[in-house]
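Asks: Quick one: the structure is below, and I'll ask about it shortly.
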Amino acid sequence: MKTATAVINRRALRHNLQRIRQLAPGSQIVAVVKANAYGHGMIESAHTFCDADCYGVARLSEALALRAAGITKPIVLLEGFFSADDLPLLVEHQLETAVHSLEQLAALEQATLPQPIRVWMKLDTGMHRLGVLPEHADAFWQRLTECRNVVQPVNIMSHFCRADEPEAGTTERQLACFDAFTQGKPGAQSIAASGGILLWPQAHRDRVRPGIILYGVSPLDNEDAAHFGFQPAMTFTSHLIAVREHKAGETVGYGGTWTSPRDTRLGVVAVGYGDGYPRCAPAGTPVLINGREVPLSGRVSMDMITVDLGPDAQDKVGDEVILWGPTLSVERIAAHTGASAYELITRLTQRTALEYVDGE
């Protein structure tokens, strides 16, 4: 009997990439596969996204793993390089990099490299995490244009902080800042990630950087990805390992936090926070068994959860349990837990098996 398994639908991944092509037809697509492709398996997902124009990762180790797996298309380090010692590896493996700090700029200026590196100057338009502040940006850009180790022209990128909140006004201000700086500069531009792709077509520019929507999950709190024509690629499943009679008034699990209001049948599912299921999931969080939703009862344990099957349940040991997937969206589970869908899909542990299918 299988226990915790994440079944990844390659057909859904390909569909989602094509959907982004439809939404941003004039832009190259940077398929963001960082954090193990948001829990979907970086190498397998990258090969499935073979029609993408390039790939985006957070760490040099991720880029090197892609190259070792035979990925030959451009790869950009979205956080940039972390040490001057990384620069020879960027040259050797033909990697592009964000440049967002004076330390990185100085490292590029001082390095002796066999050939220049393609860079993306990161402008801080309002995220205030990484990037060159607007008041220092012209001088920074000028130094990059004069650096012998930088492929010309210099490309420019930024990142939205509230693209999923169109009423906030923040994205308009960030775009205005970005446009003011990039005006007249010859390099490629990139500012839109998932939220920007969905809600801000004027931000698509030369490259878009889809992350979570590639995997069929929405970056928005109030809309599932299906609303925009995307298909969830992950189905997180396990199986019932016990079905038990349970009396009214009896508690379940650590701390006795849930008490049954009736005589019922409980199902014990072989999944827990040791597999990546959220420990914070409260009683009432739904799972899907034999086509119907049943609620979590009691606390999530390391290896198991307990669900209230109902007094007349006919479910049996070995029946499949869907924790989230196309028929029970991860966005709904996130709403129950207070965590984000990003967190849920990326927190799956090594104990959870990844399986790949080419399904409907």
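All positions are counted from 1 along the displayed chain.
Just so you know, glycine gets a Cβ as well, placed from its N, Cα and C.
In case it helps, Swiss-Prot gives these features for our protein:
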type	residues	note
ACT_SITE	Lys34	active site, proton acceptor
ACT_SITE	Tyr254	active site, proton acceptor
BINDING	Arg129, Met302	substrate binding site
MOD_RES	Lys34	N6-(pyridoxal phosphate)lysine
Asks: Given the recorded positions Lys34, Arg129, Met302, state which is nearest to Tyr254 (active site, proton acceptor) when distance is taken between Cα atoms.
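Replies: With Cα distances computed to Tyr254 (active site, proton acceptor), the winner among Lys34, Arg129, Met302 is Met302.
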Asks: Fill in the CA-CA distance, Met302 (substrate binding site) to Lys34 (active site, proton acceptor), as an integer in Å.
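Replies: For Met302 (substrate binding site) versus Lys34 (active site, proton acceptor), the Cα atoms are 26 Å apart.
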Asks: How many neighbouring Cβ atoms, not counting its own, are there within 10 Å of the Cβ of Tyr254 (active site, proton acceptor)?
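Replies: Step by step: centre on the Cβ of Tyr254 (active site, proton acceptor), count other Cβ atoms within 10 Å, giving 10.
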Asks: Give me the Cα-Cα distance between Arg129 (substrate binding site) and Lys34 (active site, proton acceptor), rounded to a whole Å.
Replies: 18
Asks: Specify the secondary structure state of Tyr254 (active site, proton acceptor) as given by DSSP, simplified to three classes.
Replies: helix
Asks: Looking only at Cβ atoms, how many others are within 10 Å of the one on Lys34 (active site, proton acceptor)?
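Replies: Step by step: centre on the Cβ of Lys34 (active site, proton acceptor), count other Cβ atoms within 10 Å, giving 19.
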Asks: Tally every other Cβ atom lying within 10 Å of the Cβ atom of Met302 (substrate binding site).
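Replies: Result for Met302 (substrate binding site): 10 neighbouring Cβ atoms inside 10 Å.
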Asks: Near Arg129 (substrate binding site), how many other Cβ atoms are within 10 Å of its Cβ?
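Replies: Taking all protein chains shown, Arg129 (substrate binding site) has 11 Cβ neighbours within 10 Å.
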